[in-house]
Protein chains: 2
Amino acid sequence: MEPLRPQRRTAARVLDTLTPALILLSAGAVTAEDGGAMEELTTEKEAEESHRQDSVNLLTFIMLLTLTILTIWLFKHRRVRFLHETGLAMIYGLLVGVILRYGIPATSYHNKTPPSCSLKEGPVSTVLLNISGKFFEYTLKGEINSREINNVEQNDMLRKVTFDPEVFFNILLPPIIFHAGYSLKKRHFFRNMGSIITYAFLGTVISCFVIGNLMYGVVKLMQVLGQLTDKFYYTDCLFFGAIMSATDPVTVLAIFNDLHADGDLYALLFGESVMNDAVAIVLSSSIVAYQPSGANTHMFDAAAFFKSVGVFIGIFSGSFVMGAATGVVTALVTKFTKLHCFPLLETALFFLMSWSTFLLAEACGFTGVVAVLFCGITQAHYTYNNLSAESTQRTKQLFEVLHFLAENFIFSYMGLALFTFQNHIFSPIFIIGAFISIFIGRAFNIYPLSFFLNLGRRHKIKGNFQHMMMFAGLRGAMAFALAIRDTATYARQMMFTTTLLVVFFTVWVFGGGTTPMLSVLHIR
Amino acid sequence: MEPLRPQRRTAARVLDTLTPALILLSAGAVTAEDGGAMEELTTEKEAEESHRQDSVNLLTFIMLLTLTILTIWLFKHRRVRFLHETGLAMIYGLLVGVILRYGIPATSYHNKTPPSCSLKEGPVSTVLLNISGKFFEYTLKGEINSREINNVEQNDMLRKVTFDPEVFFNILLPPIIFHAGYSLKKRHFFRNMGSIITYAFLGTVISCFVIGNLMYGVVKLMQVLGQLTDKFYYTDCLFFGAIMSATDPVTVLAIFNDLHADGDLYALLFGESVMNDAVAIVLSSSIVAYQPSGANTHMFDAAAFFKSVGVFIGIFSGSFVMGAATGVVTALVTKFTKLHCFPLLETALFFLMSWSTFLLAEACGFTGVVAVLFCGITQAHYTYNNLSAESTQRTKQLFEVLHFLAENFIFSYMGLALFTFQNHIFSPIFIIGAFISIFIGRAFNIYPLSFFLNLGRRHKIKGNFQHMMMFAGLRGAMAFALAIRDTATYARQMMFTTTLLVVFFTVWVFGGGTTPMLSVLHIR
């Protein structure tokens, strides 16, 4: 493979903005006349090849999941608790990532170097290419780094398994969040509603600003030390704070559930982590919206800040209303149509209505996650009672399976991403700074708020509960999803790498340490 | 909107092969220096816009399905039988297609005309664009017709809802076919195995060649009449024969199931239509592979023909073995792991293993549909008995829901495609020819084969059964899927349009006429 690389590089480097470069590679140039049939055949074969490649990619993930399931069974069978299934999925993902990265030789692309041409306007979503008289349509996949250009052709498989955030947000996330809402234990949840909202809203905002400001300090330090090679704005730091403030309900709660630990603590942790996913999404998109347009300052601006707050409240309440409304509509439909004579139709309707909440909210510019969470709660509260016996069971099981698959998929994907994502920027100072500031941010969330909440609560939140909440601040799928959504700039790439490491560390160490920690803190 | 169109057209027409055109639109050109922050913001906003658009598209389909479900319920409630749910889904799809096409004004794209540039090599899958010093990666979406270029910017929504055949083949199809295999009534099926295989294999091949040859006559006639503006080869006609030979199990069988009609007739029809889906896939891809490479003849060639037959047998048996093997592996795993203590894991494993069969077969170049069908049969025969009570129910229900959703999605999509697909070529002669030759092809399949089969059968296939099988030769999802897979050339576009019309007609008329037909033929 090696001897070919220099040539490929030159081909890629001819790219230039000033000369409208048209690269003619030696391989292709067929005349329009006799090439018709052959070209058609090539396209067909290429389509088939790409179909096969897609199948292999999907298969990789499915095999990973299968392996995870079998190992989970083994662990459950042997009562191993130091490693949770999500941690396991991540480890398998890592291993496959390593294999893909280092085990598979770069496929021979010697006559497949991506050709290129120049345009002087902004990136557009669709481009037409005139190739030997035929027009081909190309769609934008994303920006790539100049560093990356040399890699483009090196390992196609690696890039193919890098996955579309759209898939995550529209397909994998909704069932997870919906299931959380649908299977919520309402009594404990509503009893602790005030505290949950305080932690989730106020706490997350505090944590976001604490982390953001600390990280800004770290970034300044890096600039002084000359470790930063590109721009890193204050708003980027705040964005990082928002990403890092979403705690993950998955791991700790699964263990809590297995151990039947204290109901109130469970409700607090669960409620906080579900709600703050939503808060983090809204926060991060508000911060992006808040970036003062046109200007280069990216600094703090009071007017823009209050606008953000307004946006935040508007989005949140809109999503809440939308989720609850769809839930109520489903409840009314199931009540008045006697659909329960046909459980299959009922289940399908239930499924579609719940999913449509998510999409409806996203389409209106609200937050689908918040909407689907409240939709789940409403469905459980109202619709559930109208369903036929078969449907109640069917819907529960359906969402349980979907949730399980989506969750494990995400965690194994995270493992995979560490090696397959090609733009990692590892900055030790930034990473260490992130770990410290996340810890401090979490502390600023839990302890002061618990103090104030205890002033008003009848059942005080005890010290050991507070330590447990502090300890249980894992970062998981949501942080990852927010970080991968945009990895175009230097700052975002560094954040993505750091986020991945934080997720790995917290899931393995804190997740694995939950059971010992519970007994250390005398919680039962 | 109107006044803008001429300008847009000019922009699109500047495309030229000979001059390496670089189109500078007036809107974009920002200098690299100060444009950084703004550009980033634009990209972010564009990404958000595209996310919202995607949500709206998905939402459209979900709303369609919801509406279909509610109407199905109404029909079932009122015991309406003249229109089956699939026909209904198609009608709703049609309506939404009309609305999208004529109801929504063309979005204002005056500064979003797709820019373009020229390359002189064959189409490649990835292209790099250098835009103001940044590199963007574009992936090939497909060839577009010169006719179409003027439409590209006219209605983006229309093009967005045009769906990726990949999604169909990898996601929607497997659950439908698997469910067919999994819920097969084995006794009747295996009793009629010989006849089913005869109809499905021999019959489909006969039908394919009859239709192909008749259509070649039609094409010749069109050439004489000057109705054909582009190439249309003999192999294209055979390909059309292969597409059109796949009968659809959905509609008629659903009605048979509701009426509890004769078990043997059910088994014959079901077995034939499931197996011939697979046969049609293998046939059509063999025909594509058979197109003599390089040469322009596209005519009959004995050596290549036998090669095709070899390919056909190889693919079919490979798929069969692979499907059965995965089924057996799942059965062994569930038998020996005591996984049944954890029904959720068991269901998830079952689901993943079954899906992976499909992907594995596709990745190896076999036919996923055949593999997944036999996997379903094996799973039902062996694995089913090893599952826990909860899992048996759960897997059944899970696949039932998936099957229901996928099926209705496909049918409403078919309705939608009539108006949203932008390259329809309506050729009355071709369409009439197709209807006639499909009828003849079906007759050549059923009557002669039934005659020969009756020589050997103990339970003869009676005349009224033969007429019913003749009548029940609906074309459905599989024909559509095969036709949409490649719509690049003129011939394929004409086939696609014709296929859609044939599907509509047969589903509505034959599907709706099943109940009356059964009583006319005195079948109970």
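Using N, Cα and C of the backbone, Cβ positions are placed for all residues, glycine too.
Taken from TrEMBL, the feature domain 'Cation/H+ exchanger transmembrane' applies to A:68-519.
Sequence-distant contacts of the transmembrane segment (A:56-75) (same chain, six or more residues past either end, CB-CB distance under 8 Å): 83, 85, 88-89, 92-93, 96, 100, 157, 160-161, 405, 408-409, 412-413, 416. Feature annotation from TrEMBL assigns transmembrane segment to A:56-75 (among others).
Annotation comment: TrEMBL describes A:87-104 (among others) as transmembrane segment.
Residues annotated as transmembrane segment in TrEMBL: A:167-184 (among others). Same-chain neighbours of the transmembrane segment (A:167-184): 249, 270, 274, 277, 354-355, 358-359, 362, 368-369, 372-377, 379-380, 395-396, 399-400, 402-403, 406-407, 409-410, 477, 481, 484-485, counting only residues six or more beyond its ends whose CB sits under 8 Å from a CB of the stretch.
Taken from TrEMBL, the feature transmembrane segment applies to A:196-218 (among others).
The transmembrane segment feature in TrEMBL is assigned to A:238-256 (among others).
Positions annotated as transmembrane segment by TrEMBL: A:309-333 (among others). Long-range Cβ contacts of the transmembrane segment (A:309-333) within its own chain (Cβ-Cβ under 8 Å, at least 6 residues beyond either end) map to 278-279, 282-283, 285-286, 289-290, 339, 349-350, 353-354, 356-357, 360-361, 364-379, 381-383, 386.
Annotation source TrEMBL lists transmembrane segment at A:353-377 (among others). Non-local neighbours of the transmembrane segment (A:353-377) in the same chain are 169-170, 173-174, 177-182, 184, 186, 274-275, 277-278, 281-282, 285, 315-316, 318-320, 322-324, 326-327, 329-330, 333; each lies 6+ residues outside the stretch with a CB under 8 Å from one of its CB atoms.
Positions annotated as transmembrane segment by TrEMBL: A:398-419 (among others).
Positions annotated as transmembrane segment by TrEMBL: A:425-444 (among others).
The transmembrane segment feature in TrEMBL is assigned to A:465-484 (among others).
According to TrEMBL, the transmembrane segment annotation covers A:496-521 (among others).
Counting Cβ pairs under 8 Å that are 6 or more residues apart, the transmembrane segment (A:465-484) and the transmembrane segment (A:398-419) reach 3 or more and are in contact. The transmembrane segment (A:196-218) and the transmembrane segment (A:425-444) are in contact, since at least 3 Cβ pairs between them lie under 8 Å (pairs 6 or more apart in sequence).
Two recorded stretches are said to be in contact when at least 3 C-beta pairs lie under 8 angstroms, sequence spacing 6 or more; the transmembrane segment (A:87-104) and the transmembrane segment (A:425-444) fall short of this definition. Residues of the same chain lying 6 or more positions beyond the ends of the transmembrane segment (A:425-444) and with a Cβ under 8 Å from any Cβ of it are 206-208, 210-211, 214-215, 217-219, 221-222, 225, 227, 240-241, 244-245, 470, 473, 475, 490, 493-494, 497-498, 501-502, 505.
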